[in-house]
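Taking it in order: structure first as structure tokens, then the write-up.
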């Protein structure tokens, strides 16, 4: 059995690989069609013009679904490992809520392009990366509280390092974006897809775009730390049937009084 076939480790692997592919494929398409500059464009700029916009949107929607599934499995795992620790359970529920909000923000990014509905796109980015960073913080705290009995110290330090990487990328992107869009370097920069290295504001633009790519891959790196944990977990679906048929008939009323419990492994 390969390492990614153990337990549910394929979930975070699929999330990371698919999300990275959505960035790379849309970037390559945009570059080949000369829709953006080759040197570190904004990720959102590579998904602004068709056909890469269509590819970008559908792939990020799938990433949001994989993210929700991965976060739910993580939530169930922590609940099962710490059933009698109220503090951990409260943080765990908070983490799931924040994580799903972040995934919803990713759907907004995928379906509302920057050059078309800028403020809605920014709202999606704030949910994805802002709320998502808080999700990372909650999971890092959970890892700290669960060591050394349930978590190794190495996992905690790895998640803390990735969280700090994410925070530094957010700070760098925020400062450079504020400087870039302050009005000192012209108006309507949101619609600008091509930059000349000699233009004023080009340095701030590059710092902002590099920070965005760094932020995106810091998020993906965080989910890589789930792989070893997910190798030790599996889920079961329990279905309760209230009858032996799917229609009402005189003979089915007695059968509906008896619940048939069927358990199957996913």
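Glycine residues also receive a Cβ, built from the backbone N, Cα and C atoms like all the rest.
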Tell me which of 75-93, 94-112 corresponds to the transmembrane segment entry in TrEMBL.
94-112
Folded-back contacts onto the transmembrane segment (94-112), same chain, C-beta under 8 angstroms, at least six residues removed:
44, 47, 56-61, 63-65, 67-68, 71-72, 74-75, 78, 120-121, 123-129, 131-132, 134-135, 138-139, 142
Can you say which of 12-35, 118-145, 157-182 has the most Cβ pairs under 8 Å with the transmembrane segment (202-227)?
157-182
